[in-house]
Amino acid sequence: MTNIRKTHPLTKIINNSFIDLPAPSNISAWWNFGSLLGICLILQILTGLFLAMHYTSDTTTAFSSVTHICRDVNYGWIIRYMHANGASMFFICLFLHVGRGLYYGSYMFPETWNIGIILLFTVMATAFMGYVLPWGQMSFWGATVITNLLSAIPYIGTDLVEWIWGGFSVDKATLTRFFAFHFILPFIISALAAIHLLFLHETGSNNPSGIPSNSDKIPFHPYYTIKDILGALFLIITLMTLVLFSPDLLGDPDNYIPANPLNTPPHIKPEWYFLFAYAILRSIPNKLGGVLALVLSILVLAIIPLLHTSKQRSMMFRPLSQCLFWLLVADLLTLTWIGGQPVEYPFITIGQLASILYFTILLVLMPIISIAENNLLKW
């Protein structure tokens, strides 16, 4: 009798994706982040569902409903902080996942890579709308500032902003629709993640060497299931340490002040995971230019496959490209720091230099260095 795991239409899909999947024998811990992102997504959907049971998306009661969750709901505080800090863990895993893709040339699977970029945009939109929901000062002013950026679009900008707001300012209608979108988007993300996996399994996984591994495959289970469980354990331990010891470490104290349209906070800034893009936005004095730079800071990933000039796929054996990659990482950390600083000297200049360097590395230096490496190897 054949195994039901391999014959039943439903279990066959699971079997071919997570059990009998042929995987390269040499993929490192950097390949753990896909499964960790899946765990983050499930965790966010579950905690979010329980929060939505007690949350009210009305400007008069939103702030107090979050307070009510933390004070009166059974284990409400842990659900709320797991959701808030879970978003931070989600973005840490996302950035490391994208970084891995850049380092090892995973972008040479264009379909998987492009779906990944769409996923990144969708997750960023979801996180932004979620940040608005507690209706604190930073929620309100963050929503006002970021949605206002769309007014930079020529001709239709102002109408577009008012259409998104549902009025002439961020108000009740805005909060209600942001809650609706914040609820539905994670399910769209789940569908996109399934498509992401579908495209990945068409080609098979890349590996650190960047060399095809068809001649040397091992089954996903037990080798990589146990490896993923170890990664998941690290993720949960880190998250729970954050939640139980310093839940407000990554948040903004201003968000504990109820939203007040008549009082602007001294420094409006988004959550830490958007600071690099926010710094790029602020480094351009022109509004439309800043918005374009903001979008391009993520969209630039889409043309990375076209700029791949090296004859090797991975950076594993390319020390010059490795130096550039780590310079890019340092540059992104610098941008993150600048995004949280006030708009004054010397932070403005540092931000502008870091922004220029970011695009220069990705669009100019990487392709040039790759050609230089080809010549050094006499290829």
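Think of each number as a place in line: the chain as shown, counted from 1.
Placed from the backbone N, Cα and C atoms, the Cβ positions cover glycine too.
Swiss-Prot lists 33-53 (among others) with the feature transmembrane segment, giving similarity to another entry as the kind of evidence. Residues 69, 79-80, 82-83, 86-87, 89-90, 93-94, 96-97, 100, 130, 182-183, 186-187, 189-190, 193, 228, 231-232, 235 of the same chain sit 6 or more residues outside the transmembrane segment (33-53) yet have a Cβ under 8 Å from a Cβ within it.
Residues or ranges marked as transmembrane segment in Swiss-Prot (evidence: similarity to another entry): 77-98 (among others).
Annotation comment: Swiss-Prot describes HIS83, HIS182 as heme b b562 binding site. Close to HIS83 (heme b b562 binding site) in the fold, though at least 6 residues off in sequence, lie GLN44, THR47, GLY48, LEU51, each with a CB less than 8 Å from its CB.
As annotated by Swiss-Prot, heme b b566 binding site applies to HIS97, HIS196. Remark: HIS196 (heme b b566 binding site) has THR112, ILE115, GLY116, LEU119 as non-local neighbours, by Cβ distance under 8 Å and separation of at least 6 in sequence.
Listed as Cβ neighbours of the transmembrane segment (113-133) (distance under 8 Å, sequence separation of 6 or more from its ends, same chain) are residues 48, 55, 57, 62, 66, 87, 90-91, 94, 97-98, 101, 106-107, 139-140, 142-143, 146, 174-175, 178-179, 181-182, 185-186, 188-189, 192-193, 195-196, 199, 270-271, 273-274, 298-299, 301-302, 304-305. Swiss-Prot lists 113-133 (among others) with the feature transmembrane segment, giving similarity to another entry as the kind of evidence.
Same-chain residues lying 6+ beyond the ends of the transmembrane segment (178-198) with a Cβ under 8 Å from its Cβ atoms: 17, 37-38, 41, 44-45, 48, 52, 55, 57, 112, 115-116, 118-119, 122-123, 125-126, 129-130, 132-133, 143. According to Swiss-Prot, the feature transmembrane segment maps to 178-198 (among others).
Cβ contacts within 10 Å of HIS201 (ubiquinone binding site), excluding its own Cβ and spanning all protein chains shown: 14. Feature annotation from Swiss-Prot assigns ubiquinone binding site to HIS201.
Proximity of distant same-chain residues to the transmembrane segment (226-246), defined by a Cβ-Cβ separation under 8 Å and at least 6 residues beyond the stretch ends, is recorded for 29, 32-33, 35-36, 39-40, 78, 81-82, 85-86, 88-89, 93. Residues or ranges marked as transmembrane segment in Swiss-Prot: 226-246 (among others).
If you look up Swiss-Prot, you'll see 288-308 (among others) marked as transmembrane segment.
Packing against the transmembrane segment (320-340) from elsewhere in the chain are residues 99, 102-103, 269-270, 272, 274-280, 282, 310, 347, 350-351, 354-355, 357-358, 361-362, 365-366, 369-370, 372-373: each is 6 or more residues past its ends and has a CB under 8 Å from a CB in it. Feature annotation from Swiss-Prot assigns transmembrane segment to 320-340 (among others); the stated evidence is similarity to another entry.
The transmembrane segment annotation in Swiss-Prot covers 347-367 (among others) and is backed by similarity to another entry. Residues 279-280, 282-284, 293, 296-297, 300, 303-304, 307-309, 321, 324, 327-328, 331-332, 334-335, 338-339, 341 of the same chain sit 6 or more residues outside the transmembrane segment (347-367) yet have a Cβ under 8 Å from a Cβ within it.
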**Item:** Distance [Cα-Cα, Å, rounded] between HIS182 (heme b b562 binding site) and HIS201 (ubiquinone binding site)
**Value:** 29
**Message:** Return the count of C-beta atoms lying within 10 angstroms of the C-beta of HIS97 (heme b b566 binding site), excluding that atom itself.
**Reply:** 20
**Request:** Can you grab the distance from HIS97 (heme b b566 binding site) over to HIS201 (ubiquinone binding site)? Cα atoms, rounded to a whole Å.
**Result:** 17
